[in-house]
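Engineer: Pasting the relevant annotations from Swiss-Prot:
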COMPBIAS  40-56  compositional bias 'Basic and acidic residues'
COMPBIAS  716-732  compositional bias 'Basic and acidic residues'
REGION    1-63  region 'Disordered'
REGION    704-732  region 'Disordered'
TOPO_DOM  1-86  topological domain 'Lumenal'
TOPO_DOM  108-113  topological domain 'Cytoplasmic'
TOPO_DOM  135-199  topological domain 'Lumenal'
TOPO_DOM  221-227  topological domain 'Cytoplasmic'
TOPO_DOM  249-281  topological domain 'Lumenal'
TOPO_DOM  326-398  topological domain 'Lumenal'
TOPO_DOM  419-422  topological domain 'Cytoplasmic'
TOPO_DOM  446-474  topological domain 'Lumenal'
TOPO_DOM  495-499  topological domain 'Cytoplasmic'
TOPO_DOM  521-565  topological domain 'Lumenal'
TOPO_DOM  587-979  topological domain 'Cytoplasmic'
TRANSMEM  87-107  transmembrane segment
TRANSMEM  114-134  transmembrane segment
TRANSMEM  200-220  transmembrane segment
TRANSMEM  228-248  transmembrane segment
TRANSMEM  282-302  transmembrane segment
TRANSMEM  305-325  transmembrane segment
TRANSMEM  399-418  transmembrane segment
TRANSMEM  423-445  transmembrane segment
TRANSMEM  475-494  transmembrane segment
TRANSMEM  500-520  transmembrane segment
TRANSMEM  566-586  transmembrane segment
Amino acid sequence: MSGPASSTGFHIHAEGLHGRNVQPSKPTSDGGVAPTALGEKARVEEDERTDSEKKTFGRTPDGTIFTVPPTRDMVSQLLSPSEPKNLSDIFVLAIISCHIFLLRFLPSSSRVAAFAIIFLFWRAAYNIGIGWLLHMQSNGRTLVCWAKKSNIFVNPSTGQNPHPVLYNLLKWELETKIPEQYSFEDAPTEYNTWLVFRRVVDLILMCDFTSYCLFAIACGGRPAGEGFIMLALRWITGMSLVLFNLWVKLDAHRVVKDFAWYWGDFFYLIDQDLTFDGVFEMAPHPMYSVGYAGYYGISLMAASYKLLFISILAHAAQFAFLVLVENPHIEKTYNAPPPRKRVAVDTDNVKPQDDDVSQDSSVINDNVYSGQAVATLEPSSMHNLLGPHNIDLYRITDSSVLLIQILFSALAILTPSTPVYQFFFVLNAALWRVWYSVGIGYILNRQSHCKMWTRHFVKYGESNQEAWQQWKGTYHLSMTMTYASFIAATWKMYSFPQDWGYGLVLLRHILGASLIALQIWTSASIYESLGEFGWFFGDFFFDQSPKLTYSGIYRYLNNPERVLGLAGVWGAVLITSTKSVIFLALLSHTLTIAFIQLVERPHMQKLYGQSLRRDAGLVRSLKRSLPPSLKQFHGSVDKILDDSIEFIEEFIEAARPKLAAGVKTFVKDTSALFQKYPARITISRLEPDLAGYDQKDYSISLEGTQSSEPAQFERASGKEGEKARSMPDRRGDKKNLMFEYGAPIKVKWTAPLNHSKKDWIGLYMVTDNTSREITRISSQGRWIGTNKASFDSLTCEQGLISSDIVINKFREDGEPKDVASGEMVFSGDKLWWTQGVFEFRYHHNGKHSVMAVSRPFEIRIGRFDDDAIYGDRYGLVRAAIESALLPVVQNCFDRDPEIAPQTVEEQYGSLVDRNGKYSRRVVFAVHQMFGIEFAPEVVRADGNVRNLAWRICNAKKVLAPYSMSRTNGATTPTAEHEG
């Protein structure tokens, strides 16, 4: 991997919610509040305040600006005698006391099981309960909707609050806790909701921590036969981890304050810049990574495997909480895609590519927005290698690697573990490691100095792109064989323990597996930061070096592969405890460090010069904590290392003529797609009482963009009888409803004046429901409520235009009647992104009782007919493809001006690269229109409609011999072609 994070893209590193920079607010893509400056009002107030009266300003989604009062941390509020106590504090302390009394009075035989269940309950309340609440709040602002619907924060004197006792209790509770700069009546609903949510979080977090400590006490003991030295080591190490954990929590709270500690930005945003130092420079997501070191310290002091396993389970649950709840919200709130740069394009000067455009054109830079520049370059390939989802057995790289791995695994499993076989497997692993570091290092060193690898392919008329692809295959094969041979050698040297409870056997396996998992995570983080370009040392092959960025794991470490990237080999050492594996681990680590110092580092210095960072975040944090004498010692050690490395480089340079050799290898790589099949939940709910509602008063009518003419005429395919080939006679004035793929559909509805405010309309496939009276399948999010503020989510209101407009209409029996009417638009994620026949269903009172069903309508993508284009000119065909493709791409991108292009040259919005659903929609449409199947990565790589049209034209040319259409391939000669 090529040094620090090298990438053509711009990266914003998003920390965990408990540790992220609260940046100035900007608008988000969904129209909600996002971090940007909070307006002139905040600035004026800020100018007027003195340094001693600094205030923090918050902003709600509707734009309300308010002063955020200072709050105290949870532990101080609960345990400090100087802090005023209210009813909720007493309740939390009482629950904690019950836990302690339970430990005291439970019989010793049942304490462990009881407190294991209690701790798992509170951990589930944290990760599942709080996680669900935050997920719903992030996506639909559910908690705020609950508060507004119940009117619990509205003054009872207005007559709108049906819960005056609850109102007074909350007012007393919150104003007692926040005596300064806070008024319960004047605070926004979002802020009050957050304060109530905080009290729930306080209860769960305190009980979670208390039950864990009590569970540790119940499990604690001293192993039989343990000596004093081991006892002292256990307790010293355990206490050190606990103290480190305590420092992490305190330092994290010092940086992020209560706002981020209690997930405040799920409710509102603040105008404040936080300085990230200390623990946030040491590790990613420190609250969830190193912030759980105390769990393992307590497990070590308790000497209990039960406690250790539950600690690992709780830690894993916390990471799941981070991935499923916090990270999506962080990405949506703080890492919204930047506005698209639009460049005026002189279309008169943009010439279409010729039919025989060179296959060796340069790769398009993703950051180039000039339509003219992009239009004249051939789109690049996006056939990635790494990852199980990229395995493609049609590629010789992937198929060869897979076959070799199968053969290698068979040899390792089927051969006996005799000393002779063990020797050959260890020797094989050592040779592959030497090749991976020395051989690959030599190639990269020569490539850096004289472009040796590229020159070889140019000599035979190949391009730089071909050299790059061949190199990727060589490196990928070498890497997979290196680790496969190491795993095989480890397997040969490993023997299953006869007694897992003997000594440290089980602990060694747990620590070894943890180190292996750490290496896998490190490799995934490196790949996420570098991409394929950096992973395969792309800056050794392309002079137009990308911008140097430090994102992801490189924010904390300059060379993570130096230590963490080899944690797995030392995990294997712990598991096997054999000298041979120790030798392989030492060899691997030594050669890796030599590779970094002798190959990567000189090239990075030559390429990036002074822009290279000397110290990473972790090193800076450690240096700040060192005394001056140790800092001087560190500097002298660095000088010695630099002098030694310089001597080795000079020695190798002098000996190079004697070591000359050619290096050749095979080509192999990985890519295939695993598809997820969404499960459907069938829900049957029948409204018990529909009396008083006449279904004749309900109706649904549709408006949408009619599909293209080719789609209308495709029903007559020539396979029918003669009568069926003509257009059908339609009786009545209603035309067939056939809408464009992905186009918004407007739904107009009517209902009785007294209809339920919780009525809703859903979109379904016609074949999904056999009953017209009740819907028996979930809408999977494709529904909209007929009235605002009727459901506990704002998502169901997206697309709602109007509600309860009284109109006079004639019913089917001819009787005029006043009814309520409304309009809504289904678009984006509320549509089906496939072809078929669909219908809308009007449902009663939040249930699944059907009151009205719309006319069935069809979504169809018309086939592109290039036979209709006069002649066989490439330019005409491509122009026609561009014209047909542009509206389809716009529909696939939800017609969002920040994403969808307005012209064929305009670049797609950056959100297309982040969310794969957009590119998957496009490749489906292209497959249906042109019969050509692309991978979603191709759409992202092309970047605009013109490049995609070029790729379609090129694919049609390549596949022309297999087509029987006149323009696409050879056909049977006709009389006019003969003679």
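A Cβ is built for glycine as well, from the same backbone N, Cα and C atoms used for every other residue.
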Engineer: Compare 87-107, 305-325, 399-418, 566-586 by their Cβ pairs under 8 Å to the transmembrane segment (200-220) and return the stretch that comes out on top.
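Structural biologist: Comparing 87-107, 305-325, 399-418, 566-586: 87-107 has the most Cβ pairs near the transmembrane segment (200-220).
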Engineer: For the topological domain 'Cytoplasmic' (108-113), give me same-chain residues lying six or more residues beyond its boundaries with a C-beta closer than 8 angstroms to one of its C-beta atoms, as numbers and ranges.
Structural biologist: 215, 218-219, 306
Engineer: For the topological domain 'Lumenal' (446-474), what are the DSSP-based totals of helix, strand and coil residues?
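Structural biologist: Taking each residue of the topological domain 'Lumenal' (446-474) in turn, the totals are 24 helix, 0 strand, 5 coil.
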Engineer: What are the helix, strand and coil residue counts for the topological domain 'Cytoplasmic' (495-499) according to DSSP?
Structural biologist: 0 helix, 0 strand, 5 coil
Engineer: What same-chain residues lie close to the topological domain 'Cytoplasmic' (495-499): Cβ under 8 Å, and 6 or more beyond its ends?
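Structural biologist: Residues 417, 505.
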Engineer: In the topological domain 'Cytoplasmic' (419-422), how many residues does DSSP assign to helix, to strand and to coil?
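Structural biologist: Its residues divide into 4 helix, 0 strand, 0 coil.
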